[in-house]
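What TrEMBL says about this one:
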- 1-55: region 'Disordered' (REGION)
- 1-10: compositional bias 'Basic residues' (COMPBIAS)
- 11-25: compositional bias 'Polar residues' (COMPBIAS)
- 153-187: repeat 'PPR' (REPEAT)
- 188-222: repeat 'PPR' (REPEAT)
- 223-257: repeat 'PPR' (REPEAT)
- 258-292: repeat 'PPR' (REPEAT)
- 295-329: repeat 'PPR' (REPEAT)
- 330-364: repeat 'PPR' (REPEAT)
- 366-400: repeat 'PPR' (REPEAT)
- 401-435: repeat 'PPR' (REPEAT)
- 477-511: repeat 'PPR' (REPEAT)
- 512-546: repeat 'PPR' (REPEAT)
- 649-683: repeat 'PPR' (REPEAT)
């Protein structure tokens, strides 16, 4: 479904999580202050909202420049006026935790004595910024740093427990909880509440029950927060019966449930499909106490439950009951009901509801309302009606968001009206709709039809601009990646396609075989073998099995483009993967390596080729080396050939031996000659003459005499 819902922000007295533009169609009660960030201990730590002039000046200086001796010099003028209030307020105004930590140390070095409040404030700052190691180190250094004046208290540990929990490190929260008990700091109800909230958010219901038992055995009495946390936690973990058990247990501690408690249970029952029981519970609130009445969250949650069950008449009854009881529906209530009516295809009833709520001045349709209506009309095949709703948004100056456009663009594409769809697409680009933080999180998949159309029409760059905006909003889709990559390939902009492929892999999406093959083929046709090779490497890492012909085409391309090292690397991969070798291409790779002076790799590849049952055109390679006067390399290859009993024409031995003599490497020449004689072969007499002369010139008389005797025997034979 295209619709994604907004998060509205109701008054603090009506704690509610709006899902009215989310995948779930209606609002649900938000969690109670389960992280316990508004306890008495916290309230005592928070500086007043009106900051002192000194604190604002200090924070401004610190925020606008790096920490340095110059900055400390600028701050020194305030060292005599560092009161507790000034330090607390300055800490709260400094934007980064490293600077807050430096200011904390600087104030201490300039005569300020930190107390439990400033230590607590810094712990909170470090925790919020996920600087958890620093927070932990600070906590366990408080007593030492303060000279014993500030004792370790439960509130310090509570702060760290919450910070670890908010970072998703619930095991670390438990370790801190255990450690505080080990060193003799007794957990308070706030401590238990914080940890219970963390465990239940992670679905650790068994651990939460054990912790609750420990809480009671430690003689720490649960409070209203405790039970609201437990009830909500178990309801969210589909354990409504356990939630009810805690609800009944409240009275044994002399604790009366509040509206949040009831709303939590109503939500849990609705999620569990027990709408009638939830409705009875709402009715029972009034009987419980004259001060306890359902609020907008109570009614909205129940309306959502009925809508999800497609029980629209019951949802409308609750809506009417809400109004008759004097409760004013808010935009979440209206959007929830409208969503339910849309899904039940009761569009006429929506019109009636809308006219009624706008007429009494109680509600003005918002973006979510219009998106819901447009989606309903499109789903019913009434595109023109949806477009009229879109025009109405403009008339009423209601800001459309990504969903507003994607609903219509998708429907227009389905109808084949691509030009009208592109006009809306251009408006998205022109107005930077997708880059706005407000509104719903856009869905990439909703734009796939228009992406396909644009790529077909040679407008891939335009499609990619919107796609990149979607990525910035944190939303992605593998189908869109492929559409755009193939679009670039069609237009010949293969580098842009490759960049998208890299982005795709970074997001843990695996491009399919066709995507890789098309990119590689395009790079090779453009003579960009290096990029073809990079694409092949990524293809192999993606667990695809490229055709043998792809390897050979890239290898040949790398050789032609003079990319010797890359060619060698690819050839080795081919050997590892047991991919058939081509003797001509293998020889060309070796020639390229020797030409580039990468002889060690060349010799390694020669050895690997023969080990794997392949061979090379040795005489062609020797001939090339002789032309380039690389006689030492040629000698090593001929020795290898003799060792492997490979047939090489005697002419090449003569050429290499004579060449070695010319470049004054008589010893190497004699070594090759000697190995050749061991195999029963002899080079030409002119070659031996060159060798004898070269050996005598280098004072190697014994070797020269050996050659001379061989020459004599040859002459006698002739």
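Think of each number as a place in line: the chain as shown, counted from 1.
Even glycines carry a Cβ here, placed using N, Cα and C.
Whatever TrEMBL says is automated annotation, not expert-curated.
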Sequence-distant residues near the repeat 'PPR' (477-511) by C-beta distance (under 8 Å, 6 or more away from its ends) are 443-445, 447-448, 451-452, 454-456, 458, 460-461, 463-464, 467, 470-471, 518-519, 522-523, 526, 528, 531, 534-535, 538-539, 542-543
Grab the pLDDT values for the repeat 'PPR' (649-683) and give me their mean, rounded. 92
Could you give the residue numbers and ranges of same-chain residues that sit at least 6 residues beyond the repeat 'PPR' (512-546) on either side and whose C-beta is under 8 angstroms from one of its C-beta atoms? 482, 485-486, 489, 492, 494-495, 497-498, 501-502, 505, 553-554, 557-558, 560-561, 563, 566, 570, 573, 577
Can you work out which residues elsewhere in the same chain, 6+ from the ends of the repeat 'PPR' (649-683), have a Cβ less than 8 Å from its Cβ atoms? 619, 622-623, 626, 629, 631-632, 634-635, 638-639, 642, 690-691, 693-695, 697-698, 700, 703, 707, 710, 714
Intrachain neighbours beyond the repeat 'PPR' (258-292), with Cβ under 8 angstroms and 6 or more residues off its ends: 15, 28-29, 32, 224, 227-228, 231-232, 234-236, 238, 240, 243-244, 247, 250, 298-299, 301-302, 304-306, 308-309, 311, 314, 318
